[in-house]
Each structure stands twice: as C-alpha cells, then as structure tokens.
Amino acid sequence: MSAIGVIGGTGVYDPSIFENIHEESLMTPYGEIDYVQGTYKGKTVIFVARHGKDHTIPPHKINYRANIWGLKKLGVKFIISTTAVGSLNKNFEPGHFVLTDQFLDFTKNRITTFYEGGDRPVAHLDVTNPYCPELREIIETVGKEHNLSIHNGGTYVCTEGPRFETPAEIKMFHMLGGDTVGMTNVPEVNLANEAEMAYTTISMITNYAAGISENALTHGEVVEMMGEMASQLKALILGTIEAIDMAANYAAHHRMAEYGGFKL
Ligand code: HPA
C-alpha cells in the first residue's frame, strides 16, 4: 500500500496531528529508524523526526540513508519534509513559508548517495528539478487557501553545521544566489530522489541569517518562531495530505529508469 512520508525538522516532533498513530521501528541496511505510523483522511502517513523525537541528533549526524531507505521500504511515494531556515532574502520574512526549488550544497562530511558501486553500480542522479514541482504546486494552493505567506521557489543553501554561519559566509551565499540557509536538506533530497520518491520541503523562515539580523543567533529564537508557526504548518501538511492523489505518477517516481530503477 502506498503511503505519504512526513519528515519533521526542528520544532516538528508531534505526530499526534495524525489519527490511529502507533510507534514502530525498522531495521534498514544503514541502521535502525524509529517512526510513527498513522492515517489522515484514510491515507497512510509515516512520520519520522529527523533529529530524533527529543532533538538529540545534530544535522551532521543524521542517518539520512536509513531514514530514506526506511520510508521507501514502508511504501512511501510522496515525502513532505519540513526545515527551519534563516533568510538571506529581504522578501522572505520570518514567519513566511518557502517551497524550496533549488539547493546549493556546502556540506562537507556526509554520505551523499545509495550508489556506491557493488550491488548499486555508479549512477548520476539528475537534479534539474530536485523538489517535485507537482507537490510544490499542491502545497502552494493549500497555503494560499489558508492565507499563509508562502513563496513557491527559493534556493536553499545547505551548510554542514552544527554552528550557524559567519556574516561573511552569508554575504557569499547571497552573492551566489542563495535565499535561505539550513543544515539538513542535503543529502536528504538527493537520497529521496535516488529512491524514486516525490520529495518536497516546506521551509519555515525562523530568522534573518547572521549579519542580516543585527542580533547574534540563538537556537532558542529558531524554536520560538517554529512554535508560532506550528498551527499554520499543521494546516499546510494536513491540507496537502488530503489533496495528494495517491495514484499520481510524477517524473520523480521513475528518475532512475536509466539505471534500471531503484531497488530496495
Ligand atoms: N542558519 C542555519 N540554519 C538555520 C538558521 C540559520 O540562520 N535558522 C534556522 N536554521
């Protein structure tokens, strides 16, 4: 049976927005994952807290491959992920939502692929459209129905973390075309695409990035803003789940056709 995956980022740990929930774990070739299975409007939903349910896993230690492999194994066809981000773009204000459509990868020490040779031979993922355009359109429509400030499109800069950025780095990212900055979207987006799931990210602007904001950044302010946006995010996620056509067949679902498709 097909399912919808929800990957909750910072501030998004509560799967009780879904119905019939129960906690489970699954062993994958990359390690064990914990998840919550539930339903919404008759659709199966699998929820994974990216940083663990108590926010104990930092961005550079997340087991991205286990999370994505696990979602695939559990029948997920569509992934809605959430990320807290800083803004480099004066039009993207704290409290706004951005449906990221491109990324700039500044990570340093992460395993970025399932295709490491052997059972999975060399493969070169096409990332012309890394964030499923059809899913982004659905989310944008739901967001507008709820009168949210939502931008469809924006370039996400992924840093290694766990530290925040220097103002000099933010200036450079801005010159390179970055709109938002966070620490977790890469390699998650690429692994999801290798596993032929339609993937999208709802980025929540929690702050202006270092140097744009006059104040020093704190994790506390990120979490506080996430709290303020929680009810809007809930409406966005639930409305999107309701609107997804489980039979939809997007380009993302056969992205690896050239390599014989993704096999578990
Ligand atoms: N930088 C990196 N990650 C973030 C930020 C930021 O300013 N805000 C929320 N996550």
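Glycine too: its Cβ is placed from the backbone N, Cα and C atoms.
Positions annotated as domain 'Nucleoside phosphorylase' by TrEMBL: 4-241.
Sequence-distant neighbours of Thr10 (phosphate binding site) (same chain, 6+ apart, CB under 8 A from its CB) are His51, His55, Thr83, Ala84, Val222, Val223, Met226. In the three-state DSSP classification, Thr10 (phosphate binding site) falls within coil. Here TrEMBL flags Thr10, Arg50, His51, Thr83, Ala84, Thr184 as phosphate binding site.
Reduced to three states, the DSSP call for Glu165 (site 'Important for substrate specificity') is coil. Applying an 8 A CB threshold to same-chain residues 6+ apart, the list for Glu165 (site 'Important for substrate specificity') reads Gly86, Thr159, Phe173, Val181, Ala209, Ala210. Marked as site 'Important for substrate specificity' by TrEMBL: Glu165 (among others).
Secondary structure from DSSP puts Ala209 (substrate binding site) in coil. Positions annotated as substrate binding site by TrEMBL: Met183, Asn207, Tyr208, Ala209.
Using a 10 Å Cβ-Cβ cutoff, His219 (site 'Important for substrate specificity') registers 13 neighbours. Look at His219 (site 'Important for substrate specificity'): DSSP puts it in a helix. Taken from TrEMBL, the feature site 'Important for substrate specificity' applies to His219 (among others).
Contact annotation for recorded positions (Arg50, His51, Thr83, His219) versus ligand 1: none, no CB falling under 6 Å from a ligand atom.
Proximity to Tyr208 (substrate binding site), defined by a C-alpha to C-alpha distance within 10 angstroms, is shown by none of the recorded positions Arg50, Thr184, His219. Averaged over the domain 'Nucleoside phosphorylase' (4-241), the predicted model has a pLDDT of 94.
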